[in-house]
């Protein structure tokens, strides 16, 4: 008699994706982040659902409803901080996941990679809308500044901004629609994740060496389920350390002041995970140029398969490309630091140099270095 997990219409799907899935025998801990992102998404949806039960998307009561959640709702404080810091963990895992894809050449799975980039944009949109909901000072001014960037689009820019705001400034209509979008987008992310996995399972996973692994596959369960559980425990440990010891470490103190349209904070900045893109935006003196650079800083990932000139897929045996990759990581950390600094003398020029370096490494240095290494193989 055939095993029920292999014959039942629903269990068969789960079995083929999580139990009997043939996986390469040599994938490292860098392959853990996919499952960690799934855990983060489920955690965010669950905590967000409970927060939405008590939150009111209205300019007069939004700030006090968040205070009410933290003070009066049973375990409301832990749900709120798990949701806020869970977003940070989500982005840490996302950046690691994308970095792994770049390092090991996973972008050669075109459909999986392109859906992944769409997922990244969707998660960033969701996280941006979340920033507006507590209706603190940084919520209001962050939303005003970032949405106002769309006015740089020729002809339709101003109309587009007013259409998104639902008026002539960020107000009740903006808050209500951002709450609605913030609620629905995670479910769209979940659907896109299913498509992402569907395309991945068409080709099978990549591996650190970047070579076909069809001749040496092992079942996903128990080998990688155990490995993923270990990763999940470490993720939850770090998250709970953040939540229980330093819940406001990654937030902005200005958001503990209710939104006031008449008082602008001295330094308007987004959440830490957007600072690298914000630094690229600020490094260009022209508004439209800045917006284009901001979009391109993420959209550039779509072009990675076209920029791949190496005969080898992975960077494992390409030392020069490895050096460039880690310089790129250092550059992104520099941009993140600059994004949080005021716009004054040393930071402006550092930001501009780091922005030039970012695009130079990806568009010029990496493809050229890969081509040079191809010639070195002939020696």
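Glycine too: its Cβ is placed from the backbone N, Cα and C atoms.
Predicted, not measured: the structure shown is a model, and the values here were computed from it.
Residue 182 (heme b b562 binding site) falls within a helix when secondary structure is assigned with DSSP. Per Swiss-Prot, heme b b562 binding site is recorded for 83, 182, and the stated evidence type is similarity to another entry.
If you look up Swiss-Prot, you'll see 97, 196 marked as heme b b566 binding site, on the strength of similarity to another entry. Counting every protein chain shown, the number of other Cβ atoms lying within 10 Å of the Cβ of residue 196 (heme b b566 binding site) is 21.
The ubiquinone binding site annotation in Swiss-Prot covers 201. Under DSSP, residue 201 (ubiquinone binding site) is assigned to a helix (H, G or I) in the three-state scheme.
What Swiss-Prot lists as transmembrane segment is 33-53 (among others), and the listing cites similarity to another entry.
Beyond its flanks by at least six residues, the transmembrane segment (77-98) meets 30, 33-34, 36-37, 40-41, 43-44, 47-48, 50-51, 66, 69-71, 116, 120, 123, 127, 130, 235, 238-239, 242-243, 247, 250-251, 271-273, 301 of its own chain at Cβ-Cβ distances under 8 Å. If you look up Swiss-Prot, you'll see 77-98 (among others) marked as transmembrane segment.
What Swiss-Prot lists as transmembrane segment is 113-133 (among others).
Marked as transmembrane segment by Swiss-Prot: 178-198 (among others). For the transmembrane segment (178-198), the list of distant contacts is 17, 37-38, 41, 44-45, 48, 52, 55, 57, 112, 115-116, 118-119, 122-123, 125-126, 129-130, 132-133, 143: same-chain residues at least six beyond its ends, Cβ to Cβ under 8 Å.
Among the features that Swiss-Prot reports, transmembrane segment is placed at 226-246 (among others).
Sequence annotations record features per position, and here Swiss-Prot assigns transmembrane segment to 288-308 (among others).
Summarising the annotation, Swiss-Prot assigns transmembrane segment to 320-340 (among others) and lists similarity to another entry as the type of evidence.
The annotation transmembrane segment is assigned in Swiss-Prot to 347-367 (among others) on the grounds of similarity to another entry.
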Spatial neighbours, same chain, of residue 97 (heme b b566 binding site) - Cβ under 8 Å, 6+ residues apart: 33, 34, 37
Mind checking which residues reach the transmembrane segment (113-133)? Cβ under 8 Å, same chain, six or more beyond either end. 55, 57, 62, 66, 87, 90-91, 94, 98, 101, 106-107, 139-140, 142-143, 146, 170, 174-175, 178-179, 181-182, 185-186, 188-189, 192-193, 195-196, 199, 270-271, 273-274, 298-299, 301-302, 304-305
Quick check for the class: what is the C-alpha distance, in angstrom and rounded, between residue 196 (heme b b566 binding site) and residue 182 (heme b b562 binding site)? 21
Measure from the Cβ of residue 182 (heme b b562 binding site) and count the other Cβ atoms within 10 Å, all protein chains considered. 21
Whole-number Å only: compute the distance from the Cα of residue 83 (heme b b562 binding site) to the Cα of residue 201 (ubiquinone binding site). 30
